[in-house]
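Participant: Structure below; questions to follow.
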Amino acid sequence: MPAPTYRTIACFIFLMNVLHFQRCASMQATCDTKLSDLKHSIAKVICPGGCWMQHSDLCGSDDYARGPLCLAAMHAGLIDKEGGYFEVFKSDPLPKYEGTKSYGVTSKSCFSASFTYSFQMKCSTKGNSEFSVTDVDCPSGCRSNYVCGTNLYNSNSSVCAAAIHAGVLKENGGTITFYSHGGQSSSKGSTKNGVSTQPCDTFLKSFSFTRSNDCFRSCQNEGKCLSGINAEFCSCASGTEGKDCAIDINECTSGTHNCHQYATCINTVGSFQCSCNANYTGDGVECEANFCSANVGLCKHNGTCSDNTTAYSCSCDLWHTGERCGQEKDHVIMTTARNWTDARKYCQSIGGDLATWGMRNATVRNWIVTNLLQTQPAADYWVGLDDIEHEGVWNYIDGFPVTENNTDFNTGEPNNIGGPGLYNADCGHLNQIYTYKMDDHDCQRNQSAICERF
Ligand SMILES: [Ca+2]
Ligand SMILES: [Ca+2]
Ligand SMILES: [Ca+2]
């Protein structure tokens, strides 16, 4: 079992004295904390006393696959029943984990695991430390582990292989210090000191073996200068790239912007902006159609405007039609069946009356018959003429007398017959069986009507 290192003991003493010392910041575990609760690859933990369990799922020896964190540290001999401080490292899974009895704690054997948890740094341990400055002891033989980047490494990289690449660690291992940084737009791959690294795209967390103090390289666009053992380099702010962070990334042409499909992307140095297109409102990431409010009077004649995703639509009043309700309608069909008097009241209620001038004009009348009347279901249509006052004397309700020239009665009409047995027909209608020529009919019959604008 590895003995606690001098550094571990030193940190513990600092913590006991309640001194703030960044490298010793640590996680306070409970007896229930699992190895799988560790979020970072490198963690520093304080366990309470009394974490004694006869039965647990602790699996492995030296390298553990799962189980209670504090019990694993006891099994490894790092802490005793009184609890204590230790460092724990996450690395790649192994094919098998052997169970043993050690320091009075029994562990099981198991095969599958997501990670290996150990109390010593491994070659595959990644650099996502929760600390801004971290000291670790690297083993030997880490040259072939995965690393991404140059100078500034993706936190997904092996710390020890990156350290060899950066020239701060020899092949046979040793102690190194690394520094955590924020995200990076990209980092190039390269081969140095026998380690080949991959290029990497945007990543959220990075590390280097350099500090940002005492650095004289001028980094543009808010890039941060990092000084190393052999060189100084720039850690670029997102949206810029290049040696000195002088190159703007054009998010609009590279397709990495998040502007809405109805917005325009505007490239800026170090960033980009989204602006909703005409007839859309929003922050550019979300754009909603506002054709109606952006274009006052879009729908004419008090038509109701409504937006949909890509256009607007107008809902017109009874007397208007067309895409923008710009077209006037002279005739409106009443489809609810009513008697002649009630049909007339309905037409007046919507601002018109039963049709008169349209019936006297053959062209208008034919247009109505062709375009407005429904042949199914069979329907006759009240219009505005009658002989209610004097039987046999027909007049239009607007005062014009009915003549042979202005009214197209069917042959034999008006005959004062509204149908079999109905010998009192005083109201005019267009009769479907006469191909909508004029006829007289019983005024009490309920049927459709043609309303007309004054
Ligand atoms: Ca840009
Ligand atoms: Ca009559
Ligand atoms: Ca008749």
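Every residue gets a Cβ built from N, Cα and C, even glycine.
Relevant sequence annotations retrieved from TrEMBL are reproduced here:
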SIGNAL    1-26  signal peptide
DOMAIN    25-117  domain 'LCCL'
DOMAIN    117-207  domain 'LCCL'
DOMAIN    211-246  domain 'EGF-like'
DISULFID  C215-C225  disulfide bond
DISULFID  C236-C245  disulfide bond
DOMAIN    248-288  domain 'EGF-like'
DOMAIN    289-326  domain 'EGF-like'
DISULFID  C316-C325  disulfide bond
DOMAIN    331-452  domain 'C-type lectin'
Participant: Please report, as numbers and ranges, the same-chain residues at least 6 past the borders of the domain 'EGF-like' (289-326) whose CB is under 8 Å from any CB of it.
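Facilitator: Result: 262, 278-281, 332, 350-352, 453.
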Participant: Using Cβ-Cβ distances, find the residues under 8 Å from C316 (disulfide bond) that belong to the same chain and are at least 6 apart in sequence, listing them in sequence order.
Facilitator: C299, H301, G303, G322, C325
Participant: Across the domain 'LCCL' (25-117), what are the DSSP residue counts per state (helix, strand, coil)?
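Facilitator: Helix, strand and coil residues of the domain 'LCCL' (25-117) number 10 helix, 36 strand, 47 coil.
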Participant: For the domain 'EGF-like' (248-288), find every same-chain residue at least 6 residues outside the stretch whose CB is under 8 Å from a CB in it, and list them.
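Facilitator: Non-local partners: 185, 221-222, 237-241, 294-295, 307.
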Participant: How many Å separate the Cα atoms of C225 (disulfide bond) and C236 (disulfide bond)?
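Facilitator: For C225 (disulfide bond) versus C236 (disulfide bond), the Cα atoms are 9 Å apart.
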Participant: By Cβ count within 10 Å, point out the most packed of the disulfide-bonded residues listed: C215, C225, C236, C245, C325.
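Facilitator: That would be C236, with the highest Cβ count within 10 Å.
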Participant: If you measure C245 (disulfide bond) to C215 (disulfide bond) at Cα, how many Å is it?
Facilitator: 15
Participant: Can you tell me the CA-to-CA distance separating C236 (disulfide bond) and C215 (disulfide bond), as a whole number of Å?
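Facilitator: With distance taken Cα to Cα, C215 (disulfide bond) is 14 Å from C236 (disulfide bond).
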Participant: What does the DSSP secondary structure composition of the domain 'EGF-like' (248-288) look like, as residue counts for helix, strand and coil?
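Facilitator: Result for the domain 'EGF-like' (248-288), in helix, strand, coil order: 4 helix, 18 strand, 19 coil.
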Participant: Quick one: of the disulfide-bonded residues C215, C225, C245, C316, C325, flag those whose CB is under 6 Å from ligand 1, and say none if nothing qualifies.
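Facilitator: With ligand 1 as the reference and 6 Å as the Cβ limit, the list is empty: none.
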Participant: For C245 (disulfide bond), name the DSSP secondary structure in the helix/strand/coil scheme.
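Facilitator: The residue in question, C245 (disulfide bond), is coil (DSSP, three-state).
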Participant: What average pLDDT does the predicted model assign to the domain 'LCCL' (25-117)?
Facilitator: 92
